[in-house]
Amino acid sequence: MKIIFLGTGAAIPTKHRNHSSVGIKYDGEVFLFDCGEGTQRQMIYTDISPMKINNIFISHLHGDHILGLAGLLQSIGFNGRTEPINIYGPPEIKNTIENILKIGYHSINFKITVHEINSKKPMKIIDSEKYMAYAYPVNHSIPCYAYILKEKKKPQLNLKKAMELGVEVGPDLKSLKDGNEVKLKNGKIIYPNDVLLPPKDSMCVAYSGDTMPIEDFGEFLNSIGCTVLIHEATFGSSKKNNAVETMHSTIEDAVNIGKIACVDTVILTHISARYDDNIEIYYNEIENIIKNNNEYNDNNFKIIVAEDLMEYDLKNKETIKK
């Protein structure tokens with residue numbers, strides 16, 4: 001699973017930061033979280049193929065998070081896509097997509113299924129064989145949802161034990177791995193628990209959207225085993241009043257939620273244009289947070305400031321900057 005930051009700015013794009021968008025590559029698919037203006041152009045500089053996008057998650061309907069959708073969908077259509085796309089979002093997302101599809105004399109010949117979320121509680125919105133996704137209502141000036149993508153891990157097969165019990169290479173091994181019992185030629189029944197090892201830890205990413213800090217959100221992430229939190233940090237902590245007035249988060253807010261969530265890594269994004277030529281404020285504050293809080297001074301807990309086109313590999317816990 002790999003995260004690619006297509007846009008890490010806030011309301012106004014800058015020479016260093018595009019409008020909000022994050023792509024996650026997993027098992028041949030691309031999951032797109034928000035689609036600010038210019039998102040499809042940012043993809044040109046990455047290994048994301050728009051044709052591999054099957055699910056788009058829109059946190060809320062502010063322009064800096066959705067104004068890239070029209071161009072992206074039209075370009076996908078121009079390239080001959082026929083596979084359907086799912087779009088998830090808050091109330092009014094259906095009307096928004098309908099209006100988008102009226103723009104530009106498009107050639108869209110694929111089905112777009114819009115899933116309008118209207119829940120005040122966390123809800124599972126996708127449950128497939130390989131992954132699941134959740135929506136979590138957060139606290140912003142308009143309806144807004146965070147999203148969580150979690151890998152499903154199957155138990156590992158203890159091949160040596162299976163061979164010792166007389167299971168032959170072939171369909172029986174797959175059946176056991178899928179959780180089914182099998183009957184051998186000699187009549188002996190082998191149960192999954194006889195040959196399966198516990199699954200390895202699964203990878204899980206949360207994307208906060210725009211929000212004030214919510215401790216319950218952190219606790220929910222902890223309960224499902226989230227490993228990486230992408231959290232908005234529009235302001236440095238000296239601008240706490242600005243954050244409260246605009247219903248956003250500060251650096252310290254985001255880091256605190258990450259610690260409550262017990263994630264390995266917090267990645268800060270949605271950074272105000274006021275810091276475009278003074279991003280050192282973020283690095284200095286992170287250094288002070290770690291220095292002054294023993295619980296953050298942990299080699300297993302990382303705080304990263306996102307940059308446009310930066311990549312983060314969850315398996316190797318590696319950051320790649322371009």
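Cβ atoms are placed via backbone N, Cα and C, with glycine included.
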So Swiss-Prot lists ASP64, HIS65, HIS270 for Zn(2+) 2; which of ASP127, ASP194, ASP201, ASP210 goes with them? ASP210
How many whole Å apart are the CA atoms of HIS140 (Zn(2+) 1 binding site) and HIS65 (Zn(2+) 2 binding site)? 13
Of HIS60, HIS62, HIS65, HIS140, HIS270, which of the binding-site residues has the most Cβ neighbours inside 10 Å? HIS270
